[in-house]
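Per TrEMBL, domain 'FAD/NAD(P)-binding' is recorded for 3-108. Marked as domain 'Pyridine nucleotide-disulphide oxidoreductase dimerisation' by TrEMBL: 128-237.
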Amino acid sequence: MRTVVASNLEGRGIRLHPGTNLTELSKTADGIKVVTDKGDEFIADVVLFATGRAPNSNRLNLEAVGVEVDQIGAIKVDEYSRTSVPNIWAVGDVTNRINLTPVALMEATCFAKTVFGGQTVKPDYKDVPCAVFCIPPLSVVGLSEQEALAEAKNDLLVYTSSFNPMKNSISKRQEKSIMKLVVDAETDKVLGAAMCGPDAAEIMQGIAVALKAGATKATFDSTVGIHPSAAEEFVTMRTLTRRVSPASKPKTNL
């Protein structure tokens with residue numbers, strides 16, 4: 001999936017420098033001179049840093065009441081979002097679990113039901129869909145092939161479909177869409193799904209419901225598609241791309 005994203009970006013004229021860090025920035029008459037740790041130099045109009053975030057907990061004075069945080073300042077919580085102080089709870093990015101807004105909403109809902117609703121509900125982080133809004137976007141839900149292989153007791157069946165979207169045939173843009181399903185060979189359960197292509201996030205939101213409900217590959221195959229649409233590819237992938245055995249997974253992490 002990452003390879004397709006990279007190929008599509010490069011097709012739009014974007015130069016990629018994977019595995020590269022910046023070591024020096026300096027202003028010149030032509031723009032910003034960038035030096036990399038590989039010794040490359042180039043001139044850029046703008047440099048945008050997207051280096052991640054740290055929990056903004058320093059100013060809360062949590063140590064005064066005994067609330068524990070980890071090495072990066074994330075508030076430690078149990079599976080119900082309770083901190084080390086029984087009457088203090090924390091949800092969202094400040095707990096550094098899955099840092100997505102809908103996940104924070106789920107955590108808050110579970111907190112409210114547990115504390116105020118008389119129910120004992122903990123957040124469920126299985127099959128949380130997400131998206132990268134590149135062009136075209138990438139969206140995934142469930143296990144990747146690598147993750148499924150690491151957990152697998154049975155063989156995995158991998159189905160893929162790659163095509164040029166219909167609107168690209170008019171513009172002659174060679175920008176591929178790709179879809180992928182990872183299936184447990186023994187149970188037929190769909191373990192993960194991924195898509196890179198137009199409207200990927202919209203499509204994957206519906207696929208997430210299916211995975212949450214425990215859909216099998218047979219369920220997908222028996223579903224009638226909407227034509228013409230990209231989404232119908234998910235219910236018409238009949239040809240197996242490859243079968244992967246847990247015995248083939250690497251002995252060590254590289």
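A Cβ is built for glycine as well, from the same backbone N, Cα and C atoms used for every other residue.
Across the range of the domain 'Pyridine nucleotide-disulphide oxidoreductase dimerisation' (128-237), the DSSP-based residue counts are 36 helix, 33 strand, 41 coil. The average per-residue pLDDT of the prediction over the domain 'FAD/NAD(P)-binding' (3-108) is 94, rounded to a whole number.
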